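Shown next, in structure tokens, is the structure this report addresses.
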Amino acid sequence: MSFDALLLLSFGGPEAPEQVMPFLENVTRGRGIPRERLESVAEHYLHFGGVSPINGINRDLIVAIEAELARRGRNLPVYFGNRNWEPYVEDTVKAMSDNGIRRAAVFATSAWGGYSGCAQYQEDIARGRAAAGPEAPELVKLRQYFDHPLFVEMFADAVADAAATLPEELRDEARLVFTAHSIPLRAASRCGADLYERQVGYAARLVAAAAGYREYDQVWQSRSGPPQVPWLEPDVGDHLEALARNGTRAVIVCPLGFVADHIEVVWDLDNELAEQAAEAGIAFARAATPNSQPRFAQLVVDLIDEMLHGLPPRRVEGPDPVPAYGSSVNGAPCTPACSA
């Protein structure tokens, strides 16, 4: 087995004010979201000049991946494609085909299973190949990596770094709170009996143990949609209120569900939640996401090596392990539950 290229596949984000509404319309197409709601969310992006950090971070990650590939003696071009904004995956796969790429690995910037974490990226792969036509390259998605040692290590170190920013007298009592993006309960049951929820919970256990925390909380954030539709709970804001009522004086919030600084991190946590904590008199620290650090690039190339050389997956073994799927060819479901 060999690869001619690597495709980094991500969510996408606007890079100018005039791109914000078209981007949000792409994200919510077919979901019947009222325009007033989109305009409200658009304000979050406009607070940052209409620029999501995600595309810039991914470009920096590609540079880091290229450096790691070179360090390991690999000559593998890295392409960049998105679901919801330029560069669109359809255009990228067409360019790969035009450049003579016949077989490529695909790294999705989601560590998780479930529909939005994995199966939707498989759909992106299939759509990209369809757009490229009969000469489209074979695309092999790399596995889910929430339990890779470097994933756990990066977040554990980020928790320690965040703790160090708190007042010294509060560090030992700070409550560790992991967050991940909430999804509707109906979606949570797709692709295998609450797989996403279980994977996030397992990764939280691994990171907490690596960071030296026996106790922690795992909550959800950034829900949207009609209030009558049930989503994964508890919500991080509601949880912070409960902590305040119980006398908590400091929190470390670790956005475990995000490998980069999405708007849900820099707005929902760094602005809204931080303000809520300040109003409650709680010292607040937010752990960094992996973004484009060299260890993240090493993780990506590790996944390629596993596939190329048939190596056993590098995983942190903890109690009650949860399956990691994600690897399949040309957008096919990687588990039977996702084909239902």
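Each position is counted from 1, following the chain as shown.
Every residue, even glycine, has its Cβ placed from backbone N, Cα and C.
Residues or ranges marked as Fe-coproporphyrin III binding site in Swiss-Prot: SER52, TYR121. The annotation Fe(2+) binding site is assigned in Swiss-Prot to HIS181, GLU264 on the grounds of sequence analysis.
If you take the Cα of HIS181 (Fe(2+) binding site) and the Cα of TYR121 (Fe-coproporphyrin III binding site), they are about 16 angstrom apart, rounded to a whole number. Classification of TYR121 (Fe-coproporphyrin III binding site) by DSSP places it within a helix.
A simple Cβ count within 10 Å picks out one of the binding-site residues TYR121, GLU264 as the most packed, and that one is TYR121. HIS181 (Fe(2+) binding site) is surrounded by 24 other CB atoms, counting those within 10 A of its CB over all protein chains shown. If you take the Cα of SER52 (Fe-coproporphyrin III binding site) and the Cα of GLU264 (Fe(2+) binding site), they are about 10 angstrom apart, rounded to a whole number.
Cβ neighbour count for SER52 (Fe-coproporphyrin III binding site): 25 (other Cβ atoms within 10 Å of its Cβ, all protein chains included). Between the C-alpha atoms of GLU264 (Fe(2+) binding site) and TYR121 (Fe-coproporphyrin III binding site), the distance comes to 19 Å.
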